[in-house]
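Peer 1: Can you keep this structure in mind? I'll have questions shortly.
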Amino acid sequence: MEKAAGCPAVGGSYPQKNAEILSSQYGINLFLAGLLLTFAWAVHAVGISKSHLLSYLITLMLIQLLWMLWYLCRSCTQRRLIRDKDTHAGARWLKCGITLFAVITLILDSFKIGYYIDFSNCLSPTEGIFPVTHAMHTILQVYFLWCHAKDIIQSFKTLERFGVIHSVFTNLLLWTNGVLTESKHQLNEHKERLITLGFGNITIVLDDHAPQCNCTTTTLCSIFSQGIYYLYPFNIEYHILASTMLYVLWKNIGRKVERHQQHKTPFKFHGITVGMIFGLIVLTSTIAIVVVYLIQIGRSKTKSELALTMFYLHAIFVLALMCTAGIVALLIYRLEDRSLDNSKNPARKLDAELLVGTAAGSWLLSWGSILAIICAQAHPKYTWYNLPYSVLVIIEKYIQNLFIIESIHREQEKVNDDIKTLRIVTISRGSTLSLTPSYKEIYNGGAARDHGEVPCLFKGSICGRENDGGGSGDAKEEKNQDKSSVMHSASDFSFYGRNSVTNSKRRILKNIAAFLFLCNLSLWIPPAFGCRPEYDNGLEEIVFGFEPWIIVVNLAMPFSIFYRMHSAASLFEVNCKT
């Protein structure tokens, strides 16, 4: 009978499992078609122009807009229904981050509109329609994520799976398009820098997609064209964050969740002063290094070598500090005896997978640099700094991943029973008396109640009078009271000692998390804004060949950039939970 009763429940899960498989296959094919179209445009395939790619992206965005409007309308009509929520998904700080990137993306869209107006004589209409559609898509998507990122959809599940997965891969294609456009711009500047370093024998045709007509207002065209490429890093981060939040929403469709709510963990600056100070020093120095690097690189051979040496020395110092901080945090975790939370959590699982997966991009570049240094026949002086830099990149990400993944899997620290036991201290007869029993007396109170005894709450006052009748045994009462006071003092001293050690460990972990958070933001800035020694030192191109190494860098660098931003977001969460 039990098996018969259980069969419908098991069988009922198959349609939903099939819907998940079908929707995922639909999304993958959608992405592959767009990826192939993007690649065809990048290599100037015959018969495929940029307008074809933009038309495809516009169509995908319009379909997503229709689905989001339908979902929002349905949610408004059914807002009285109780909806399940995933408290781990769509954290407020993540929503604030994606909103910031979205605002800068809207500025980018306005620049693209202005650029189209200036070159409207020789650009296809799709290049004007695309930024307008993208701006509408950005505004509605941010609103959708703010209101519904935590939803656990339990109705129209098959249809919603296709809608959400369509949104996921639409954002991934927009991310791919942004990465490719930004990489083309970086590649066009790269050859000029290599020539100044003496690598003039490396030749490649510049991949230029500039309009074949004159601009109506030269000054504005220059501002728009240059500003667009400085804003692309924020657009890239926006789309990858949106795709991850939508992926968690897709994984939560039809999921059964426990009814307990997660405790809110607000961010507090109290207790992380040391980590913030050191992190801000690293952030400030990194910005200065990037500015000097971008000014000096490509000016002359001497200035370019000096810029590369300066970058490597600074990065080596920062990475060594981060490795040390991560090792200290892991040692503290080894000294603690706290269990891990292994409950099902799509958001946390995705965080861990993204950390390891995107770190592979940096590891690929680092191993390429190490092999190039070993195999190269000639070594300019600045290239030797690349060896410790590449080794530290591998080690630092390895340690940091261990720290973050263990932190997000550790159970929240529960309030200690000693803290729950309120101690009201009164001063009587020159000694400290406790209004409440110690925690041992509470736990052992059952034995006293079984024998009909009442635990002494007021030492030396109530119990003394009950036992002695208020007259005899004063000396014995004083002796017992003194002994009780000593025992309570020892218990309090032990409790406060343990509590002090725990607080010290927590303070150290919070400072380490704050320091690593700012360091990851600092290391995100150089590659995002064009400071990429993997391009500029020239040694890898000599060993692997120019085009193969450029392909490797263009594939791995976006993952490396995203890793830093995702690590910063994860470390922010670690700081809040610690």
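Yeah, the Cβs are placed from backbone N, Cα and C, and that goes for glycine too.
Sequence annotations record features per position, and here TrEMBL assigns transmembrane segment to 26-47, 53-72, 93-117, 129-146, 229-250, 271-295, 311-333, 354-379, 508-530, 542-563.
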Peer 1: When you scan the chain for residues with a C-beta under 8 Å from the transmembrane segment (542-563), skipping those not six or more beyond its ends, what do you find?
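Peer 2: Tertiary neighbours of the transmembrane segment (542-563) are 175, 179, 183, 187, 190, 199, 202-204, 233, 236-237, 240, 354-355, 357-362, 364-365, 368, 371-372, 375-376, 397, 524, 527-528, 532, 534-535.
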Peer 1: Does the transmembrane segment (93-117) come near the transmembrane segment (26-47), with 3+ Cβ pairs under 8 Å (pairs 6 or more apart)?
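Peer 2: Taking Cβ pairs at least 6 residues apart, the transmembrane segment (26-47) and the transmembrane segment (93-117) are not in contact, as fewer than 3 fall under 8 Å.
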Peer 1: Cβ under 8 Å, sequence separation of at least 6 from the ends of the transmembrane segment (229-250): give me the contacting residues as numbers and ranges.
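Peer 2: Counting only partners 6 or more residues beyond its ends, the transmembrane segment (229-250) has Cβ contacts under 8 Å with 23, 86, 89-90, 94, 97-98, 100-102, 104-105, 107-108, 111, 138, 141, 145, 148-149, 151, 153, 161, 164-165, 167-169, 171-172, 174-175, 178-179, 181-182, 185, 346-347, 350, 354, 528-529, 558, 561-562, 565.
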Peer 1: Can we call the transmembrane segment (508-530) and the transmembrane segment (271-295) in contact, meaning three or more C-beta pairs below 8 angstroms at a sequence separation of 6+?
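Peer 2: Yes, the stretches contact each other.
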Peer 1: Are there residues at least six beyond either end of the transmembrane segment (26-47) with Cβ under 8 Å to its Cβ atoms? List them, or say none.
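Peer 2: Same-chain contacts beyond the flanks: 53, 56-57, 60, 162, 165-166, 168-170, 172-173, 176-177, 180, 184, 207.
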